[in-house]
């Protein structure tokens, strides 16, 4: 696949941060058996990866703004462009030595996501996409799964973090979805959940209580792989309200209907 200069900048930043995370991940696995524990070390790894990405992207496009997990919003001279960055999505997995975590970088232009990169350094899987240019994993073209019956599907989900979201609502949603699908999976990284839907590994995904940096790149990846995404109300305000329902056209619609059942019944 031919990448634009801008996407190459994003890939280089993600892979450089990924190499740093890979080194730190090896150390985290060693710290699992120590008395000190790996918690503080993981926080440092997260910040270090964000510093790398911030430096790389700022050097390549000095005027662009940022929305980042650690730094928050950073205004740029160019108000039309903004990087949306999660340097380590799947922190709890990383903390526990589980190799399901990712770097996620998206570029927003005039309010629209136009490019995205998701990189899982533990598995060396690089997902890339540009608006109108398709979706790829390690240069292989991606397409969402073609199953059209919920009963045949494997669906990904996330659950509310402690202190965020409503666990009771989630359990009712989960019960309704489990009654209609072949299986439910929780990876612990929304960025990878969306990437797996784009790659056809999972048929759909839903979650609430997310931040824009968790999902910005993945939303475009799914669209460019032929999939459909909406928020829990069926609209397109995913980055603002933090809810996502994704799949191919048929499954996304059926999954949205399934997860909405308890909301209308309460």
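Note that Cβ sites are derived from N, Cα and C of the backbone, with glycine treated the same way.
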Request  = Given that Swiss-Prot annotates 88, 89, 90, 91, 185, 214 as binding substrate, state which candidate in 56, 69, 108 belongs to that site as well.
outcome  = 69
Request  = Taking Cα atoms as reference points, rank the binding-site residues 69, 86, 88 by distance from residue 214 (substrate binding site) and give the first.
outcome  = 86
Task = Return the single residue from the binding-site residues list (69, 86, 89, 214) that has the minimum number of other CB atoms within 10 Å.
result = 69
Remark   = Long-range Cβ list for residue 185 (substrate binding site), cut-off under 8 Å, min separation 6+ in sequence, same chain only, gives 154, 155, 156, 157, 202
Query = Quick one: largest C-alpha distance among 69, 88, 89, 90, 91, 185, 214, binding substrate per the record, in angstrom?
reply = 25
Note = The number of other Cβ atoms within 10 Å of the Cβ of residue 91 (substrate binding site), counted over all protein chains shown, is 18
